[in-house]
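To keep things clear, I will list the structure first and then write my remarks on it.
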Amino acid sequence: MQTALYISVLIISSCGLVYELLAGTIASYLLGETVTQFSLIIGTYLFSMGVGSWLSKYLEKDLIPKFLEIELAIGLVGGFSSAILYLSFGQIRYFQIPLFLLVILIGILVGLEIPVLLRILKKELQFKELVSRVLSLDYVGALLASILFPIFFAPKLGLMRTGFIFGILNVGVALWGTWVLPLRQSKIIILRAQSVVVLTLLILGFSYSDLITYYSEESLYTDEIILSKQTQYQRIIVTRWKNEIRLFLNGHLQFSSRDEYRYHETLVHPALLAHPAPKKVLVLGGGDGLAVREILKHKNVESVTLVDLDSAITNLFSEHGILKELNEESLKNSKVTVINTDAFLWLEESDQTFDVVLIDFPDPSNFSLGKLYTTAFFHTLKRRMNETSVLEIQSTSPLFARSSYWCIERTIASLGFYTLPLHVYVPSFGEWGFVLAGQRPIQFKKKFPKDLKFLNIQELESIQTFPQDMSRVPVEINRLDNQALVRYYDREWNRILD
């Protein structure tokens with residue numbers, strides 16, 4: 001019996017942590033503010049476990065069958081938790097209600113497990129030996145789950161299937177327990193029947209995960225979903241309405257094929273026109289290849305290095321028929337080198353210098369993204385530039401996130417760069433901002449590449465003029481130790497979305 005229960009501890013501790021990680025990950029995907037969501041969920045989950053541990057004192061008789069019933073309950077609720085959360089988001093206005101109800105319920109049930117197990121085993125071992133073995137196995141199981149969840153389960157199976165898999169493991173513990181633990185025959189029959197029912201539901205859920213995911217995402221997106229993919233880093237959704245293609249990462253619109261040319265022409269061409277003879281170009285982010293498409297319109301460019309964290313994005317936009325058509329197969333051009341790694345780390349390790357650096361990172365909605373807009377990042381980037389090099393970075397909306405925009409501009413200027421703020425109206429986004437910078441005052445060449453749809457000499461002048469409601473405001477410099485930009489961004493966009 002001891003061995004069976006020790007193995008159970010290892011499994012159930014892994015399951016308990018995975019349910020917590022699932023809730024935190026889904027909340028951060030759907031609601032943003034990763035640090036806030038994980039902090040609230042972890043705190044609520046741990047508190048609920050404490051409540052469960054306290055409630056365990058009221059379980060006095062038939063502890064073994066009660067332990068197995070707890071496992072069935074956790075398997076059912078935890079296994080379906082991802083599906084419930086995805087389906088709730090599109091249907092319930094206050095998504096936080098089902099989110100925290102599930103976290104509390106799972107936390108209470110998980111909190112019951114270890115105290116009940118300790119009481120079952122108390123006659124088998126000395127107390128100090130019992131506690132050390134059970135708790136050490138509990139922590140080992142949590143470690144295994146924390147390693148395997150981001151490396152294997154989430155990217156390979158997706159969040160919904162991962163939930164069902166660990167629910168099946170919980171039920172497997174209960175079903176296995178009916179054979180290896182001492183139980184009355186009447187209890188064995190009941191528990192096995194319950195286990196089979198719950199197991200069947202979870203297997204059906206696993207089998208129909210794609211359908212559940214499709215239905216839940218269809219309720220979130222008005223257009224037809226033509227591609228849905230979970231990677232190690234993000235959820236990728238591509239939608240289509242007539243001839244319009246849209247890319248969403250973690251629920252956030254990245255571009256619409258109807259008007260992305262306005263964004264990408266403004267991101268790319270001012271920087272290339274500000275350099276006397278750009279030959280080596282570095283693109284950080286921009287794995288969709290749309291910025292690279294614009295760069296290749298400058299025939300004097302000899303090489304383009306694209307550094308993007310997620311290989312799934314660059315692979316999709318290299319291989320998928322519709323997507324590679326959008327970027328005109330730019331990622332397969334012989335001038336282009338694609339590197340899939342962390343941009344910050346790559347800059348620190350590289351010894352190359354570039355004439356033009358274009359930065360197309362996601363908005364600074366969390367601290368891991370916010371670090372890419374800090375003085376530390378731009379200081380590292382500066383070492384990859386020479387005296388004539390220029391950089392341009394997308395800088396969120398100067399209208400909707402005014403402080404965020406000027407925080408990025410001031411942070412770059414604080415390192416000795418001459419800056420030129422730019423903005424453009426993109427119908428899909430509204431007003432959008434960029435910052436062009438160099439170690440010399442910015443001067444533009446007059447010769448534009450052919451085939452531009454938006455940018456010309458007149459527009460280049462107009463995008464430098466900011467109306468009063470987008471003009472400069474006092475802001476802090478964004479540093480690693482203050483992450484002021486993330487605070488500005490959260491406050492401003494939450495105000496708009498609310």
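Each Cβ is built from the backbone N, Cα and C atoms, and glycine gets one as well.
These come from Swiss-Prot:
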ACT_SITE  D360  active site, proton acceptor
BINDING   Q234, D308, D342, A343  S-methyl-5'-thioadenosine binding site
BINDING   H264, D288  spermidine binding site
TRANSMEM  7-27  transmembrane segment
TRANSMEM  35-55  transmembrane segment
TRANSMEM  67-87  transmembrane segment
TRANSMEM  97-117  transmembrane segment
TRANSMEM  134-154  transmembrane segment
TRANSMEM  163-183  transmembrane segment
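Scored on C-beta pairs under 8 angstroms, the neighbour of the transmembrane segment (134-154) with the top count among 7-27, 35-55, 67-87 is 7-27. The two recorded residues, Q234 (S-methyl-5'-thioadenosine binding site) and the residue listed as 'active site, proton acceptor', have Cα atoms 16 Å apart. Outside the transmembrane segment (7-27) by six or more residues, the chain places 37-38, 41-42, 45, 71, 74-75, 78, 81-82, 85-86, 99, 102-103, 106-107, 110, 113-114, 117, 134, 137-142, 144-146, 149, 153-154, 159, 162-163, 166-167, 169-170, 172-173, 176-177 with a CB less than 8 A from a CB of the stretch. H264 (spermidine binding site) has a Cβ environment of 26 other Cβ atoms inside 10 Å. Counting only same-chain residues 6+ beyond the ends of the transmembrane segment (35-55), those with a CB under 8 A from a CB of the stretch are 20, 23-24, 27-28, 99-100, 103-115, 366-367, 490. On the backbone, the CA of D342 (S-methyl-5'-thioadenosine binding site) and the CA of D360 (active site, proton acceptor) stand 13 Å apart. It is 9 Å from the Cα atom of the residue listed as 'active site, proton acceptor' to that of H264 (spermidine binding site). A straight line from the CA of A343 (S-methyl-5'-thioadenosine binding site) to the CA of D288 (spermidine binding site) spans 16 Å. Mapped onto three states, the DSSP output places D360 (active site, proton acceptor) in strand. The most crowded of the binding-site residues listed here (D288, D342) is D288, judged by how many other CB atoms sit within 10 Å of its own CB.
The DSSP secondary structure for D308 (S-methyl-5'-thioadenosine binding site) is coil. In the three-state DSSP scheme, D288 (spermidine binding site) falls into the coil class. Taking the Cβ of Q234 (S-methyl-5'-thioadenosine binding site) as centre and 10 Å as the limit, one finds 20 other Cβ atoms among all the protein chains shown. Secondary structure from DSSP puts Q234 (S-methyl-5'-thioadenosine binding site) in coil. Same-chain residues that are not part of Q234, D308, D342, A343 yet have a Cβ within 8 Å of the Cβ center of the S-methyl-5'-thioadenosine site turn out to be Y233, G285, G287, V307, L309, D310, N340, T341. Each residue contributes its Cα atom, and for D308 (S-methyl-5'-thioadenosine binding site) and H264 (spermidine binding site) these two points are 16 Å apart.
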